[in-house]
Amino acid sequence: MFNSFGNIFRLTSFGESHGKGIGGVIDGFPAGIVIDEEFVQQELNRRRPGQSVITTSRKEADKVEFLSGIFEGKSTGCPIGFIVWNENQHSNDYNNLEKVYRPSHADYTYTVKYGIRDHRGGGRSSARETISRVVGGALAKLALRQLGIHITAYTSQVGPIKLEGNYTDYDLDLIETNPVRCPDPEKAKEMQDLIYKIKGEGDTIGGVLTCVIKGCPIGLGQPVYGKLHAALGNAMLSINAAKAFEYGDGFKGLKQKGSEQNDVFYNNNGRIETRTNHSGGIQGGISNGQDIFFRVAFKPVATVLMEQETVNIDGIDTTLKARGRHDPCVLPRAVPIVEAMAAMTILDYYLLDRMTQL
């Protein structure tokens, strides 16, 4: 049951990093939506490994194959099944991990919980599982387009290098013009240089992604335990390496007084809006029609190419030096994953909202 995400729109994923493939089944997708398979593939390409010198060198085509739920280019309302075959596994790179635990990975917790683990690339705990999320998110984006809802994420911080402005201060069309996926070209160059330097040291680094949802209607969210920001937080923190989530002004708002933090209402030609958006587009757990924006912090990748202390499966102290192909920073490839999780959450809550009133 915990391999599924969503309520009405529901993604169930399967597969491991070094297994035969990664796939999923989507239930609750509305019928009659035009399925642009080229767009879905483009989204996968944004997540795909081997994009640049600051990502893992693993080469995978990551071509999605739809198995059901689509007829003559449109969704039928039936379950949509899909799979992406793994083609470039180097499982021998992980032979030295069979009997030792990698620091800050899921190796130890998986072993204790299940009594068995797939040591090849982390198995089910690998970020390769997010392929299914990106496919599900791409389909959700296609449905949300028809509702005028658009979702954009970008890198806003790598280590100590960060954007000081809000998302409104940047041209978001510049995000895809650099490998870091940052809308500020100068900061993007600094971030890229830092990641490349860290990679050369055999180390890794983390940072922050910012996500903006535009066009979200008023009323999405289910009080008390189904608040929209709680659902978005759950979605984001389910992503590998995600460590923190804040929406609106978040922790920065703690420096303000209530009179400064409040978003006052006004009548904008018959439409009630707020003069500011400290709330991040959500009040009382329900969308208020303003832009929804939030940030997700990602830790440095746990696999570093230097010797570390650890223990083996018998609890004996030893050392470990990782091998294989790994990202020095997850942020560039996490951008489409954050967008995907946001898209699936918003579509799910949109469908839930249709049940509120007859």
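Numbering starts at 1 and runs along the chain as it is shown here.
Cβ coordinates come from backbone N, Cα and C, glycine included.
Taken from Swiss-Prot, the feature NADP(+) binding site applies to ARG47. According to Swiss-Prot, the feature FMN binding site maps to ARG124, SER125, SER126, ASN240, ALA241, GLY284, LYS299, PRO300, VAL301, ALA302, THR303, ARG325.
Everything Swiss-Prot records as a feature, shown here on the structure.
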{"residue": "ARG47", "record": "NADP(+) binding site", "Cβ neighbours (10 Å)": "24"}
{"residue": "ARG124", "record": "FMN binding site", "Cβ neighbours (10 Å)": "18"}
{"residue": "SER126", "record": "FMN binding site", "Cβ neighbours (10 Å)": "20"}
{"residue": "ALA241", "record": "FMN binding site", "Cβ neighbours (10 Å)": "20"}
{"residue": "LYS299", "record": "FMN binding site", "Cβ neighbours (10 Å)": "16"}
{"residue": "VAL301", "record": "FMN binding site", "Cβ neighbours (10 Å)": "21"}
{"residue": "THR303", "record": "FMN binding site", "Cβ neighbours (10 Å)": "23"}
What is the separation, in Å, between the Cα atoms of ARG124 (FMN binding site) and ARG47 (NADP(+) binding site)? 17
DSSP-derived class (H/G/I helix, E/B strand, else coil) of ARG124 (FMN binding site): helix
Secondary structure of ALA241 (FMN binding site) (DSSP, helix/strand/coil): coil
Nearest-integer angstrom distance between the alpha carbons (Cα) of SER126 (FMN binding site) and ARG47 (NADP(+) binding site): 14
